[in-house]
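Annotation source Swiss-Prot lists transmembrane segment at 24-44, 57-77, 99-119, 124-144, 149-169, 183-203, 227-247, 295-315, 323-343, 347-367, 395-415, 418-438 (among others), citing sequence analysis.
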């Protein structure tokens with residue numbers, strides 16, 4: 001009898017929870033329709049994996065890619081709509097947030113075809129890999145629209161947990177296990193630091209958690225210039241710094257890049273920076289509105305350290321992935337210039353444009369590294385010597401992406417950096433822009449050093465890895481070629497396309 005009553009109570013409680021969830025989706029689902037599509041795709045992946053055999057593997061890729069493409073389409077259809085706040089103020093939808101969500105979806109859409117051949121050759125578990133990628137994408141999208149401190153903490157944790165699992169996906173690899181352990185420990189420490197900063201912000205504002213209400217609370221309590229806000233700013237800057245990985249919060253980056261599977265590195269190298277940049281712009285610009293000079297100084301220090309250390313240490317690297325890790329540290333220094341400039345002088349517009357180009361340049365480079373690594377089993381920069389003699393298409397496409405990363409004209413990277421530096425110069429960041437220009441010249445050196453190796457034709461310099469190089473017989477090679485071609489074309493867009501891209505980005509400002 002007791003069991004029967006408990007069972008009825010359980011059914012009633014479950015029904016209430018289901019009805020409440022249905023009510024939320026019914027009245028708020030339109031605000032998170034792209035996210036709902038990804039959730040539906042995740043459910044389909046689980047259902048197919050639990051009810052089918054290995055012959056349905058192409059369906060897993062198809063469902064993942066289709067859900068991402070439909071989410072992008074839903075975002076584009078919602079473009080230019082009025083800003084909306086939903087879920088009791090926890091989530092905000094506007095053009096500024098949506099363009100960052102678009103960039104995250106674009107990264108994931110390009111990373112899935114880039115991963116197909118790698119997964120087939122290494123016999124990795126496919127379903128779990130796709131589930132983690134989609135869930136991380138979902139966490140990044142929620143972070144872009146987060147409007148309160150709780151959501152800003154929970155959303156990146158969703159992204160981070162999937163990132164830890166992806167980085168340690170090849171559990172038999174000692175380097176992967178070591179990288180995951182460092183990533184997990186430093187990620188947990190940074191989350192604790194971030195929450196501690198939030199607690200100071202929460203207390204100083206009189207118990208408010210919504211971003212705009214925090215500003216109102218600071219005005220009401222007259223605490224906007226208090227030491228507590230300075231303490232909160234320091235802790236939050238350190239916490240967000242781990243996600244952006246500028247120096248000196250970069251220690252995890254080279255090890256994770258080197259030890260993780262290459263498609264995972266490609267995914268994390270762009271999505272984490274896009275999501276963290278979206279979060280940083282909102283946190284610094286809204287709750288710390290009265291401390292703008294203080295957080296500008298903090299970010300300027302991070303940008304200078306990142307540009308100098310990242311590009312100088314990249315010169316000494318012998319591993320291709322570690323070189324790109326330090327290169328990404330330098331690249332985030334350029335992005336921080338746009339965050340500092342902010343809403344004035346098109347700072348956000350230039351930052352968004354450069355991040356779009358950075359996605360194409362970086363993913364195009366990693367697509368070539370995946371192809372070369374699967375055929376040779378090496379990641380050493382010297383082993384790329386003479387690749388042009390065996391695979392001219394791979395060598396030329398890699399060279400174009402590297403030149404674009406270095407910022408040589410007339411490639412997209414040059415015009416992206418030019419507009420970003422010009423906005424910083426107009427905002428009076430003369431020293432910061434000068435450091436950016438000098439370190440860009442340094443980055444060109446180590447990129448050209450790799451290109452020289454690629455194009456060398458002397459037999460004594462060609463390594464055995466290149467001599468034994470063979471093209472892949474797998475049909476899945478077409479998917480990585482497609483992803484690479486898209487990235488290379490986007491990386492070589494001439495400057496004539498800058499004006500419409502900048503114009504679209506300007507429409508995303510607050």
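Cβ coordinates are placed from backbone N, Cα and C, and glycine is handled just like the others.
Packing against the transmembrane segment (183-203) from elsewhere in the chain are residues 149, 152-153, 156-157, 160, 163-164, 167, 209, 214, 228-229, 231-243, 249, 251-252, 255-256, 287: each is 6 or more residues past its ends and has a CB under 8 Å from a CB in it.
Beyond its flanks by at least six residues, the transmembrane segment (323-343) meets 244-247, 250, 253-254, 256-258, 265, 269, 273, 277, 280-281, 284-285, 296, 299-300, 302-307, 309-311, 313-314, 317, 350-352, 354-355, 358, 362, 365-366, 369, 381, 405, 417, 420-421, 423-424, 427, 429, 432-433, 436, 439, 443, 446, 450, 509-510 of its own chain at Cβ-Cβ distances under 8 Å. With a cut-off of 8 Å on Cβ pairs spaced 6 or more residues apart, the transmembrane segment (295-315) and the transmembrane segment (227-247) reach 3 or more such pairs and are scored as touching. Same-chain neighbours of the transmembrane segment (57-77): 33-35, 37-38, 40-41, 44-45, 48-49, 98, 101-102, 105-106, 108-109, 112-113, 116, 126-127, 130, 133-134, 137, counting only residues six or more beyond its ends whose CB sits under 8 Å from a CB of the stretch.
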